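For reference, the structure discussed in these notes is given below.
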Amino acid sequence: MSQGILSPPAGLLSDDDVVVSPMFESTAADLGSVVRKNLLSDCSVVSTSLEDKQQVPSEDSMEKVKVYLRVRPLLPSELERQEDQGCVRIENVETLVLQAPKDSFALKSNERGIGQATHRFTFSQIFGPEVGQASFFNLTVKEMVKDVLKGQNWLIYTYGVTNSGKTHTIQGTIKDGGILPRSLALIFNSLQGQLHPTPDLKPLLSNEVIWLDSKQIRQEEMKKLSLLNGGLQEEELSTSLKRSVYIESRIGTSTSFDSGIAGLSSISQCTSSSQLDETSHRWAQPDTAPLPVPANIRFSIWISFFEIYNELLYDLLEPPSQQRKRQTLRLCEDQNGNPYVKDLNWIHVQDAEEAWKLLKVGRKNQSFASTHLNQNSSRSHSIFSIRILHLQGEGDIVPKISELSLCDLAGSERCKDQKSGERLKEAGNINTSLHTLGRCIAALRQNQQNRSKQNLVPFRDSKLTRVFQGFFTGRGRSCMIVNVNPCASTYDETLHVAKFSAIASQLVHAPPMQLGFPSLHSFIKEHSLQVSPSLEKGAKADTGLDDDIENEADISMYGKEELLQVVEAMKTLLLKERQEKLQLEMHLRDEICNEMVEQMQQREQWCSEHLDTQKELLEEMYEEKLNILKESLTSFYQEEIQERDEKIEELEALLQEARQQSVAHQQSGSELALRRSQRLAASASTQQLQEVKAKLQQCKAELNSTTEELHKYQKMLEPPPSAKPFTIDVDKKLEEGQKNIRLLRTELQKLGESLQSAERACCHSTGAGKLRQALTTCDDILIKQDQTLAELQNNMVLVKLDLRKKAACIAEQYHTVLKLQGQVSAKKRLGTNQENQQPNQQPPGKKPFLRNLLPRTPTCQSSTDCSPYARILRSRRSPLLKSGPFGKKY
């Protein structure tokens, strides 16, 4: 099998295209009788490093990305659940207003002072629930299909939450198709009579083609038939093909390249018409008018269909096999850095019916599952690509390629709504890829707004963004269709979708990536002027030709020697360019090294200064610590020396006393005592003195400990702070009672005086009745006063009972203190007896603790005479108040 891989030019349909010189990856193999041998078979790669032409972006290239919004109608079940709360409102053709409903997170955040309850978004155009599929297609996608037929690449992707109508917008139903079947119908209706009959050129990589021989063409047709038949094995198809070829050879018909394809096409039509005719009525009368296309161009249409499920790529048009596990595909890059899906099946289609059937086959292989919001939700990103090869002439020129990709993005949904592990994993991968897409769009917008500081666009963080990379970076254009669910329960997700689309609507289409490669004719012309004077005349004769004719001239018109000369000239230019680039690289390296050396020097200087400052700070800190340590040591040793001096003075004083005693003893003693006895007595006295000193030190230590215990017990004897308020209240009540007693005493004195005056009056007057009345009133007054006094005395009794309890507790503590003091005094007396040999003296008696704190009132016997007059007389005899008949002993 021999094959050649060709990369198409970009200037076959329009004279305004800048790209003229094609890029060839591999043409070393012989392609047989079908492929021309002189198609640059002597050079493997044609490249140039001449100065690229500066491309001035036109107004079309600076056009913003189209973002369309479509609102789906509410279902009857949703109306029954009261989902229609007016949260999605279309203000005009370009403005959408979102009002947060009750129970939504946005409204709760607004009540807490975070966010807004009303949001307003602007789109390219908004379509309400009443807009049908045909109107939506004519107003949005029809112009894009027209651009694709002219050679432009377009990406159309739908975005929205689950159950918002994305798949319905892309595919539609059998009766009312979406933008994908209508795009296929419009493409094939516009290209009627201009389709290339044989699939001898097949798309490869990102924007290249490969030439197929007859065997490879049969394999492609068998692959398509196996997909359309839905399980027919390739062996059966190959036997039917061999049988048809044998019959044609028996009747004398020569099997040519075209006839084999025609026969295979007829077989495929017969087979597919019997098995998949359920949608044949859809394409019988298309409702789309054809678009004008150039008449001198033929077209070859290829389709592919794959999905991205859990960040893995699967081919949805893979032929059926016995293996249950699907084969994963790899996402690679070609030599120009353009991403492509390796081993992806590209199927050649002749009409829209075949494309629609292949779409249905791919839909059967797609990943679907039931979610919280949709019973049949697609859990993967599916991408359906239509690649059109634009062929001019007899097929001996490398074709131009245009592509229309329609992507049905999986719906975003909250992960907390997914209960099972598989659905949770799917939702996480879907949200991750959509989040990466949002990051890429935000980075592209920031780079377009701030061209001085370009940020890295994270295309490689997700498979989806790597597939979209070419359309976002100038290899094509993109369009977003936002589908909105007007239900109130999905308002928060709808708001997130609207914010995402608002960022995408600010993007500007990147200018096309066109490299200003010069034409091959310019190389030959320039080289002929420099090298061969004989070719100068021919070059001057060709100067009158038009530049477009030169760019589109056939390569076969040049001889082998001229092409070799061109190769040599290109080699010299390449060497020269490499030398210049090497010099530039060396210059840049020198500059970078110098800058790095300067930075290192600055860094070293800063580090040295920092070290010096740190060293000074550490020296100061440790000097302060040393000074503090010196001061503490000097003070400590001074105290030790002072204590030692005091002890020495005490010992010297004791020694002097002992000497004085010894001298006095010697004087009082007999002079006839022997010197030896004096020495023994002196030594014994010194020993006793030392023992007494030791005991004295021990007694002092015990005295200190006992004094400390005494202080503790004194603190314990003090009333607790919790009892202070109670004692204060008792004192206040006692003072009030004493005041009342004083008042009552004054009243009694007044009453006594009145009684005395009454007695005097009784002596002079004969009105005994008046005197009796006065006595009765006085008795009543005295009774009342006695009652008040009784109440006061009862209160005082209660207070004194409480005080007695506290006094008992204090007395117990006082006895313990006395015992301890007795022990201490006994130890002191023992020490003084041993030292001075004096008789024990009793310590002065101490007054009992709190003996006079609560003086008792003297008791008095109740008088037998309880008449009011007797009580008045007793009160007159004593100035102090005596207890009445209600007095008690306490």
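Placement of Cβ uses the backbone N, Cα and C atoms for every residue, glycine included.
Taken from Swiss-Prot, the feature ATP binding site covers Gly160, Val161, Thr162, Asn163, Ser164, Gly165, Lys166, Thr167, and the record attributes it to sequence analysis. If you look up Swiss-Prot, you'll see 64-507 marked as domain 'Kinesin motor'. The N-acetylserine feature in Swiss-Prot is assigned to Ser2. What Swiss-Prot records for Ser7, Ser528, Ser532, Ser662, Ser668, Ser685, Ser825, Ser867, Ser878, Ser883 (among others) is phosphoserine. The phosphothreonine annotation in Swiss-Prot covers Thr857. The region 'Disordered' feature in Swiss-Prot is assigned to 832-865.
The structure, with features from Swiss-Prot marked on it.
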residue	record	contacts (Cβ under 8 Å, 6+ apart)
Gly160	ATP binding site	Lys166, Leu409, Gly411, Ser412, Val482, Asn483, Val484, Asn485, Val497
Ser164	ATP binding site	Arg72, Gly411, Asn483, Val484, Asn485, Thr490, Thr494, Val497
Gly165	ATP binding site	Arg70, Arg72, Asn483, Asn485
Ser662	phosphoserine	Ala681, Ala682, Ser685
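Ser825 (phosphoserine) has a Cβ environment of 14 other Cβ atoms inside 10 Å. Each residue contributes its Cα atom, and for Asn163 (ATP binding site) and Ser825 (phosphoserine) these two points are 101 Å apart. The Cβ neighbour count for Val161 (ATP binding site), using a 10 Å radius over every protein chain in view, is 22. Every protein chain shown contributes to the tally, and the Cβ of Thr162 (ATP binding site) ends up with 23 other Cβ atoms within 10 Å. Averaged over the domain 'Kinesin motor' (64-507), the predicted model has a pLDDT of 77. In three-state terms derived from DSSP, Ser164 (ATP binding site) belongs to neither a helical nor a strand segment and is classed as coil. Taking the C-alpha positions, the distance from Val161 (ATP binding site) to Ser825 (phosphoserine) comes to 98 Å. For the recorded positions listed here (Asn163, Thr167, Ser685), the lowest count of other CB atoms within 10 A around the CB belongs to Ser685. Packing around Lys166 (ATP binding site) is summarised by its Cβ count: 27 other Cβ atoms lie within 10 angstroms of its Cβ, all protein chains included. In the three-state DSSP scheme, Ser662 (phosphoserine) is classed as helix.
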